[in-house]
Structures are given as C-alpha cells and as structure tokens.
Amino acid sequence: MATTKSFLILIVMILATTSSTFASLEEMVTVLSIDGGGIKGIIPGTILEFLEGQLQKMDNNADARLADYFDVIGGTSTGGLLTAMITTPNENNRPFAAANEIVPFYFEHGPHIFNSSTGQFFRKYDGKYLMQVLQEKLGETRVHQALTEVAISSFDIKTNKPVIFTKSNLAKSPELDAKMYDICYSTAAAPTYFPPHYFATNTINGDKYELNLVDGAVATVADPALLSVSVATRRAQEDPAFASIRSLNYKKMLLLSLGTGTTSEFDKTHTAEETAKWGALQWMLVIQQMTEAASSYMTDYYLSTVFQDLHSQNNYLRVQENPLTGTTTKADDASEANMELLAQVGENLLKKPVSKDNPETYEEALKRFAKLLSDRKKLRANKASY
C-alpha cells in the first residue's frame with residue numbers, strides 16, 4: 001500500500017513538473033537578431049535556411065516561415081534587409097521570401113548593388129540599383145504591416161540621433177510608419193559605400209517629418225542583439241504576450257543572434273611602441289574594424305553573462321564565424337567566387353562547435369533551438385483553440 005502511494009505521489013510530481021515546463025515554454029518570448037555586414041549576409045542567410053528547414057520538418061509544414069516562430073526579429077544594415085525579407089507580407093499575407101531564397105537573392109543582386117562602375121570619388125556606389133530592387137521587392141509595404149515585431153536601426157545625421165523602426169512604437173510615433181524600402185535602404189546606407197537617404201513622412205497632425213538617415217550600424221554597431229532585446233522588453237509593458245519578460249526576466253526569453261563573421265584583421269596584434277608611430281591614415285584603416293569587433297564581442301559577452309547568471313545559458317545562442325580571412329572579410333566583394341566562399345563558410349559553420357567549452361555543434365544547437373520554437377508554437381496554438 002505504501003509502495004502504491006509513493007508511486008502515485010511520484011506520478012503526480014512528474015505530471016506537475018511537465019505541466020510547469022510546458023507552461024514556462026508557452027510563456028517564452030522569442031527574439032531573432034541579425035548582424036550587419038554587406039554581402040556577408042550570405043552567412044546568416046545560410047543559417048536561417050537551415051533553421052527554417054528544421055522547423056518545416058518538425059511541424060510537417062512546407063509553408064512554415066521564421067516569422068511564425070519569432071516575436072521580435074531585428075537587424076541592422078544587411079541584417080535589416082534580411083529582417084524585411086522574412087517579415088514583409090506578400091499578397092497572401094505570408095512572408096514574401098522564404099529563408100531558402102535569401103542566398104540566391106545575394107547571388108542575383110549583389111553584383112549589381114556593389115558595382116564599382118557606379119561609384120564616385122567620395123563614395124563607392126551610387127545606391128540606385130539597391131533602391132530599385134528594394135522598391136520592386138517590398139512595394140508600398142509599411143512597418144505596421146510586418147508579420148511580427150521588427151527592430152531595424154538607422155541613424156539620423158541631421159538630428160544626431162538613432163532612429164529605430166518598430167511596430168510597437170507607432171502608437172506614440174506614427175511618423176515612423178515608413179515604407180519598408182526606405183527603411184531598408186537607410187539601414188544599409190553605410191558612409192563611404194552608399195549615399196545617405198532622405199525621405200519624409202507625416203506626423204499625426206499632418207506635418208511633414210523629415211529623415212536624413214545612414215547605416216544602422218552607426219546607431220547600434222554591427223550587432224543589434226541588445227536593440228532587439230530592448231524592443232521586446234519595452235513591448236512587455238503593454239502587450240500581454242510579452243508579459244513574462246517584464247522586469248528583464250531573461251529566463252523567459254529565447255534569443256538567437258546571427259553574426260556575419262569577424263575579421264582576421266582584428267586578430268592582428270600591435271604594440272604600444274608600434275602604434276605610437278602611426279599617423280591618422282594608419283589608424284583609420286583599422287580603428288573602425290577594431291571598434292565594431294570589440295563592440296560585438298562586448299554585446300555577446302554581456303548577453304552570455306546575463307543568461308549564464310540566470311542559469312539559462314541554453315536560452316541564448318550566438319552563431320558567429322571567428323575569424324573570416326581573405327576576400328570573405330570584405331563587405332562589398334560580390335564576385336561569384338567570393339559569394340561561393342561565403343556560402344561555404346555558412347555551411348561549414350554548422351559543423352563547428354559552439355565554443356571551446358561547448359562541444360555541441362551549431363547544427364545541433366540550432367536543432368535544439370528549433371525544437372523549442374516548434375513546441376512553443378504548438379502550445380500556444382492549442383491554448384488559442386480552447
């Protein structure tokens with residue numbers, strides 16, 4: 001009798017634990033962040049194709065798309081373009097691009113976007129083809145129509161302030177309900193590469209609202225993960241679906257951050273004696289790369305530390321190639337040979353360990369992540385059906 005009673009208690013405990021686990025997963029807020037990096041967007045594009053393919057297999061649904069699984073998708077520069085591609089609706093109110101269309105997009109349009117014959121002395125490219133293809137693909141779609149929350153950064157050079165385009169901010173700032181093609185060009189308009197972008201919208205009172213924007217990396221550097229997280233936490237104050245992460249409860253967050261590779265240049269060491277002899281030109285050649293790489297490392301370090309301190313390290317995954325070499329380091333080398341190399345970098349990255357301390361490969365980690373995303377979606381769908 002005592003044995004039977006103990007067995008029943010054990011069953012109840014298991015059921016209670018399982019129920020708690022499911023409830024916890026259902027409450028999770030999911031965030032995807034995509035770095036900037038020009039043509040190197042092929043690398044996260046390859047990763048996204050793998051992840052979406054896994055979700056389609058798990059849910060036995062060839063029409064499954066990343067926007068169905070993430071509450072917030074954020075990006076800067078080329079990451080902002082990828083964000084728009086997988087969240088902007090087509091005529092059927094589904095993302096106009098599947099993840100497996102991202103890499104072919106770069107191969108088709110990259111050589112025309114980064115065509116040196118269109119450049120001028122003070123910038124490398126005129127940006128006309130980039131704007132043309134953005135208008136063609138994104139049409140008249142505006143921020144409010146995105147299929148999930150987005151976070152795309154840019155920087156206004158007239159006001160010297162970052163401009164962040166999100167759905168949740170439109171109630172307070174309706175003038176930021178801009179056309180997606182204007183936003184995508186702006187976040188990609190890296191100084192010395194493309195011209196800054198001017199356009200105007202209207203305020204709630206009908207007044208003209210002018211924007212003079214450049215690359216989002218000026219505002220958030222290349223890694224927009226903290227921006228994407230902050231958009232999610234801010235939305236938690238108003239949206240019940242995000243309530244679980246109020247008070248910065250990162251235990252209730254799943255964060256996937258995709259990089260475009262670090263450069264070998266940053267791995268070169270310099271001594272104080274050597275750099276003391278440098279002039280402005282020598283510093284200019286390396287300081288931007290050093291600053292961007294250091295900031296990206298610090299973002300990853302901060303997020304890793306926070307999730308580890310909360311014993312939730314499996315809730316955060318940073319996918320990054322360290323380091324790139326040769327032509328793959330260039331943000332604007334859209335030669336077919338280099339794009340093939342970048343695609344191979346992405347494929348090879350899947351087989352590499354997550355870190356020195358974690359032998360799990362990125363492929364295994366992404367499959368685990370996909371399982372969490374799939375299970376969470378099913379739990380929410382079941383709850384909604386009652």
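Glycine residues also receive a Cβ, built from the backbone N, Cα and C atoms like all the rest.
Look at SER77 (active site, nucleophile): DSSP puts it in coil. Annotated active site, nucleophile per Swiss-Prot: SER77, in sequence order, evidence recorded as sequence analysis.
Here the Cβ of ASP215 (active site, proton acceptor) has 27 other Cβ atoms within 10 Å, regardless of which shown protein chain they belong to. Residues or ranges marked as active site, proton acceptor by Swiss-Prot: ASP215.
The coiled coil annotation in Swiss-Prot covers 360-384 and rests on sequence analysis.
The domain 'PNPLA' annotation in Swiss-Prot covers 32-229.
Residues or ranges marked as N-linked glycosylation site by Swiss-Prot on the basis of sequence analysis: ASN115. Within the same chain, the residues at least 6 positions away from ASN115 (N-linked glycosylation site) whose Cβ sits under 8 Å from its Cβ are TYR125, TYR129, listed in sequence order. In the three-state DSSP scheme, ASN115 (N-linked glycosylation site) is classed as coil.
Remote same-chain residues near the motif 'GXGXXG' (36-41) are listed as 75-82, 102, 106, 110, 114, 187, 190, 193, 215-217, 222, 224, 259-261, 324, 328, 330-334, 338-339, 342 (criterion: CB distance under 8 Å, separation of at least six residues from the stretch ends). Under the heading motif 'GXGXXG', Swiss-Prot lists 36-41.
Summarising the annotation, Swiss-Prot assigns motif 'GXSXG' to 75-79 and lists sequence analysis as the type of evidence. Computed over the motif 'GXSXG' (75-79), the whole-number mean pLDDT of the model equals 95.
Residues or ranges marked as signal peptide by Swiss-Prot: 1-23.
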What is the interatomic distance between the Cα atoms of ASP215 (active site, proton acceptor) and SER77 (active site, nucleophile), given in whole Å?
6
Which same-chain residues, if any, lie at least 6 apart from SER77 (active site, nucleophile) yet have Cβ under 8 Å of it:
ASP35, GLY36, GLY37, GLY38, THR187, ALA188, ALA190, ASP215, GLY216, ALA217, ALA222
Which residue counts does DSSP yield for the motif 'GXGXXG' (36-41) in the helix, strand and coil classes, in that order?
4 helix, 0 strand, 2 coil
